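Novice: Sending over a structure as structure tokens; questions will come in a sec.
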Amino acid sequence: MDKHMNQATPAAQAGRTRALRLAGIALWLLGLLIPQLLSPAWITIGGIFAIYSIVALSQDIVLGRAGMYDMGHAVYFGIGAYVSAILSLSFNWPILWTIPVAIVLAAALGAILSAPIVKLRGDYLLVVTIGFNAIFVLAMQNNLFGLTGGADGLFGISGPSLFGHMFGTQSDLFYLNWVVLAVVLWLMNNLDRSSLGRTFRYIKHDELAATTLGVNARNYKVAAFALSAGLAGLAGTLFAMQLSAVSPGSFRFTDSVVLFAIVLVGGQASVPGVLLGTAMMFVVPQIFTEFAQYRYLAFGVAMILVMILRPQGIWPARKGVI
Amino acid sequence: MNTAVSQQPDAGVLLELDGIGISFGGLRAVDDLSFKIRRGEIVGLIGPNGAGKTTVFNMITGVYRPTDGRIRWHGRDITGLAPHRIAEAGIRRTFQTIRLFQDMTVLENVIAGQHLKMRQSWWQGLLNTPAQRREERELVEHAMEVLQKLDLADVAHEIATSLPYGAQRRVEMARTLVAKPELIILDEPAAGLNEQESAGLNDTIRAIRDAGITVILVEHDMSVVMNVTDNIVVINFGKKIAEGKPAEIRSNPLVIEAYLGQDDEEEDDPLLNAVHDQVNA
């Protein structure tokens with residue numbers, strides 16, 4: 001099968017990419033109709049899907065593109081959510097203004113935490129990132145600086161407002177999340193076509209070869225973490241708005257595991273794959289609400305089957321961009 | 001003795017290895033090795049299996065840090081610099097076992113060689129600015145020029161690791177050449193090539209030198225070493241045992257002994273066969 005993929009002419013590949021992109025845009029536009037067509041429950045599910053898609057895509061930058069086993073990604077998602085919640089509740093910032101702060105602080109934390117550890121081999125790095133996650137949850141539970149609200153978290157975050165108008169309904173939030181998702185998808189598309197994204201992949205495939213070509217692997221790995229954490233932080237703000245509450249329970253180690261698994265099951269470095277994985281985890285269970293408690297069971301079985309039968313993921317990344 | 005004169009950088013010397021050595025555990029892999037490479041030369045580094053040739057390359061390119069000695073580049077000490085700093089200095093290499101970026105096209109592999117020329121910043125890439133798009137087009141054009149020269153233009157959009165072995169070797173070479181390095185280090189460029197391909201390799205190596213790039217190569221294929229090199233350094237057990245022109249090396253008794261001391265499995269070695277002929281004559 002790989003042979004056939006390789007033998008596709010550049011023109012045919014480009015045509016397929018274009019078709020795929022058009023299909024993606026069509027699906028996104030169709031998604032805009034969700035608030036008109038579906039029940040309130042589904043509007044919320046759509047918004048949650050958009051938020052977790054952004055987090056999973058950001059996880060994929062570190063894991064799928066740069067090839068580092070980050071199993072503490074919920075930390076950056078959580079930092080974004082907490083920063084927005086704290087600025088909004090304790091300092092009365094309008095929530096939309098907190099977005100840049102959430103992104104920058106999450107990215108900075110990603111850079112600071114990753115800088116000493118990116119030299120570690122995959123499995124060792126994975127264990128360290130699990131440690132980060134454990135510490136993060138513990139710090140939030142213990143009401144760090146008296147700001148994080150302890151085990152119950154923070155409540156009553158008000159919705160976004162622009163020019164004095166509140167945009168607090170589930171439909172409003174859905175549109176906001178949906179538009180931000182589009183922006184993130186556009187960024188991911190650009191990333192894959194840029195020197196930055198290519199360099200991540202060079203490092204993933206052969207770090208030694210990359211360094212002998214002049215790549216400062218350490219800097220790029222830290223950059224991958226920072227970029228990835230920044231996007232996760234952005235999703236964190238959206239999450240805080242969506243639920244109007246944040247608590248340590250949303251950013252545990254198991255949440256990081258789910259993000260990690262979404263990327264592996266969906267397809268590393270594959271945008272459609274990661275979106276599909278997110279949908280399997282957060283949307284499909286809602287269709288079978290009476291079985292919702294079996295969500296992890298179903299996803300667990302899916303993980304096992306995919307890893308055995310299709311280790312490259314359900315929708316693997318296309319080999320070669322240019 | 002006039003020390004002032006002896007400390008003057010030797011005219012034309014590009015790279016100088018000055019008594020370098022490295023140990024792995026108790027094993028002395030390379031010991032007190034010194035030689036110089038002059039601009040425009042093609043230098044061969046040969047020796048029996050396990051003599052430490054690739055280790056020497058790894059020390060030059062910063063993959064290993066020598067435990068003794070200095071490596072000078074244009075008279076400047078570059079000992080122990082990280083590989084990406086060595087690349088910045090203008091030294092590029094290929095690998096004994098081909099190290100192409102799998103799942104990426106030939107073009108993407110070759111563009112990697114232009115990493116240090118890249119001017120686009122991270123945000124320009126993310127926002128896909130016009131300046132970034134222009135640079136991307138230039139990177140592709142430049143890579144295609146090099147691919148054209150190495151007869152790889154037709155496969156530019158193929159996945160690099162799906163190509164035949166000989167073509168993969170050329171892709172790796174293209175990836176180093178696209179950076180216009182001053183020195184290129186080829187680690188067994190003929191390994192795995194058929195006769196026709198290794199004959200073509202001789203022409204390629206000469207063309208590289210004619211383009212103003214100095215070449216140092218490790219090679220077992222004596223038809224390549226004896227035909228293209230200006231100078232040969234022979235090492236055995238990590239030590240230099242001979243240095244000179246190909247003709248001198250061919251008749252050097254120490255070299256003959258080093259190769260004769262080898263197991264029978266080396267009998268197909270053309271140098272060894274030549275040595276046998278001379279001994280029997």
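Here, residue 1 is simply the first one shown, and the rest follow in order.
Glycine too: its Cβ is placed from the backbone N, Cα and C atoms.
Features from TrEMBL:
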- A:20-37: transmembrane segment (TRANSMEM)
- A:43-62: transmembrane segment (TRANSMEM)
- A:74-91: transmembrane segment (TRANSMEM)
- A:97-117: transmembrane segment (TRANSMEM)
- A:124-145: transmembrane segment (TRANSMEM)
- A:173-191: transmembrane segment (TRANSMEM)
- A:222-245: transmembrane segment (TRANSMEM)
- A:257-284: transmembrane segment (TRANSMEM)
- A:296-315: transmembrane segment (TRANSMEM)
Novice: What stretch, picked from A:124-145, A:173-191, A:257-284, A:296-315, has the most CB pairs under 8 A with the transmembrane segment (A:20-37)?
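Specialist: Per the Cβ count, the answer is A:173-191.
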Novice: Considering pairs 6 or more residues apart, do the transmembrane segment (A:257-284) and the transmembrane segment (A:222-245) have at least three CB pairs under 8 Å?
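Specialist: No, the stretches stay apart by this measure.
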Novice: Applying the under-8 angstroms CB criterion, which one of A:74-91, A:124-145, A:173-191, A:222-245, A:296-315 scores highest with the transmembrane segment (A:97-117)?
Specialist: A:222-245
Novice: Report, as numbers and ranges, every residue of the chain located at least six residues beyond the transmembrane segment (A:124-145) whose Cβ falls under 8 Å of a Cβ in that stretch; write 'none' if there are none.
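Specialist: Answer is 68-75, 78-79, 82, 113, 117-118, 151, 153, 247-248, 251-253, 256.
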Novice: Apart from its near flanks, which chain residues at least 6 from the ends of the transmembrane segment (A:43-62) lie with a Cβ under 8 angstroms of it?
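Specialist: For the transmembrane segment (A:43-62), the sequence-distant neighbours (Cβ-Cβ under 8 Å, at least 6 residues beyond its ends) are 31, 34-35, 68, 70, 73, 76-77, 170-171, 173-174, 177-178, 180-181, 184-185, 188, 191, 200, 224-225, 227-232, 234-235, 238-239, 242, 259-260, 262-263, 266, 268-271, 274-275, 277-279, 281-283, 286.
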